[in-house]
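Peer 1: Dropping a structure here in structure tokens format, bear with me for questions.
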Amino acid sequence: MVAGTRCLLALLLPQVLLGGAAGLIPELGRRKFAASSGRPSPQPSDDILSEFELRLLSMFGLKQRPTPSRDAVVPPYMLDLYRRHSGQPGAPAPDHRLERAASRANTVRSFHHEESLEELPETSGKTTRRFFFNLTSIPPEEFITSAELQVFREQMQEALGDDSGFHHRINIYEIIKPATANSKFPATRLLDTRLVNQNTSRWESFDVTPAVMRWTAQGHANHGFVVEVTHLEEKQGVSKRHVRISRSLHPDEHSWSQIRPLLVTFGHDGKGHPLHRREKRQAKHKQRKRLKSSCKRHPLYVDFSDVGWNDWIVAPPGYHAFYCHGECPFPLADHLNSTNHAIVQTLVNSVNSKIPKACCVPTELSAISMLYLDENEKVVLKNYQDMVVEGCGCR
């Protein structure tokens, strides 16, 4: 029953995508596909469309169709992560730390901090900021397996050609108890630390898994992080602003969006397999004579721009879903990938037409990775199971 339901969903999903769903697929997308099909099709009732909409949104883990603003920003980190796990040519080199984190997760989420909550008292030789990330959009059923805080540090002109000096130490703390009237500094717990030499520009990644797990799985209050930059060499004229833990006075929005701090969570909702690097599958060539009408896989490309979903689905722009269609004639040939039950059912059908023939259905399905903006304009990379037909057979 479960396999049959999955096969049905695999077949119905492209039909819903291409046929339209009220509210989920805009009217423009439905008209566009109807015009390209060249023939009129009966319109499903509003009740059926609403039911399909609910099912599709549930599959994506969404409560409503995302409608992101034009100012929504997709962090380059998330784009690179998508390219890695979708096996795209020109993707960044493999990162063993990222591969390890993704191997236990099927969902990656990114969060920007709330800038209005940054300020902390300055101390001599240190730069400190509070980072608060609102994580309430993480579903309760999603178990966080790892989390990292990404901070960008810029190359200092004073450090060029000097490998011996200009070191900073970056400390990341979890806020256990916020500052009070009696104490201007919050109570903290050290999570990660790193000594850096600022002779190059690069992102630094810090492990904040223990804190995020306490906030999401154990119900502890989320008071945010403290990022502390300790200036180890006090030299005349040396800038202390090389670590981008706060916005400059007059930056343009695009530049700031590319280097602002980012919290990335890796989680698993218990559905399907973890993220993996998708390898291109080799077609199985079998030298057998097949009837043109026999059960086999047919091309079906779902283009998200055609149905008006490209405003919230970042990547891929579409995908090859394929579908199964064809006859399951008696006697069933070996290449039709039939079960014993299908063989018996086809045999009985040959002598009793009241018993239906075996059906041409997907026998093997695979997942795709999708990068999209959710209802809260948070960027999500998620692995969706049973989205691509890999093989067909008579069942």
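A Cβ is built for glycine as well, from the same backbone N, Cα and C atoms used for every other residue.
Dumping what Swiss-Prot says about this protein:
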- 273-292: compositional bias 'Basic residues' (COMPBIAS)
- Cys295-Cys360: disulfide bond (DISULFID)
- Cys324-Cys392: disulfide bond (DISULFID)
- Cys328-Cys394: disulfide bond (DISULFID)
- Asn134: N-linked glycosylation site (CARBOHYD)
- Asn199: N-linked glycosylation site (CARBOHYD)
- Asn337: N-linked glycosylation site (CARBOHYD)
- Ser86: phosphoserine (MOD_RES)
- 1-23: signal peptide (SIGNAL)
Peer 1: Can you figure out which of Asn134, Asn199, Cys392, Cys394 (the recorded positions) comes closest in space to Ser86 (phosphoserine), comparing Cα atoms?
Peer 2: Cys392
Peer 1: Can you give me the Cα-Cα distance between Asn337 (N-linked glycosylation site) and Asn134 (N-linked glycosylation site) in Å, rounded to a whole number?
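Peer 2: Distance (Cα to Cα, whole Å): 50 Å.
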Peer 1: So what sits near Cys394 (disulfide bond) in its own chain, CB-to-CB under 8 Å and at least six residues off in sequence?
Peer 2: Cys295, Cys328, Leu332, Leu336, Asn337, Ser338, Thr339, Ala342, Thr346, Ala358, Cys359, Cys360, Val361
Peer 1: Between Cys324 (disulfide bond) and Asn134 (N-linked glycosylation site), how far is it from one CA atom to the other, in Å?
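Peer 2: Between the alpha carbons of Cys324 (disulfide bond) and Asn134 (N-linked glycosylation site) there are 44 Å.
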Peer 1: Cα-Cα, whole number of Å: Asn134 (N-linked glycosylation site) versus Cys392 (disulfide bond)?
Peer 2: 45
Peer 1: Just to verify: the residue among Cys295, Cys360, Cys392 with the fewest other Cβ atoms within 10 Å, which of the disulfide-bonded residues is it?
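Peer 2: Checked Cys295, Cys360, Cys392; of these disulfide-bonded residues, fewest Cβ neighbours within 10 Å: Cys360.
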Peer 1: Within 10 Å of the Cβ of Asn337 (N-linked glycosylation site), how many other Cβ atoms are there?
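Peer 2: Cβ-Cβ neighbours of Asn337 (N-linked glycosylation site) within 10 Å number 17.
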Peer 1: Let's check the environment of Asn199 (N-linked glycosylation site): how many other CB atoms sit within 10 Å of its CB?
Peer 2: 16
Peer 1: Reported as an integer number of Å, what is the Cα distance between Cys392 (disulfide bond) and Asn199 (N-linked glycosylation site)?
Peer 2: 56
Peer 1: Using all protein chains in view, find how many other C-beta atoms are within 10 Å of the C-beta of Cys328 (disulfide bond).
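Peer 2: Result for Cys328 (disulfide bond): 24 neighbouring Cβ atoms inside 10 Å.
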Peer 1: Would you mind ranking the recorded positions Ser86, Asn134 by how many other Cβ atoms sit within 10 Å of each Cβ and giving me the lowest?
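Peer 2: Minimum Cβ neighbour count within 10 Å, taken over the recorded positions Ser86, Asn134, occurs at Asn134.
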Peer 1: Report, as a single number, how many Cβ atoms besides its own are within 10 Å of the Cβ of Cys324 (disulfide bond).
Peer 2: 23
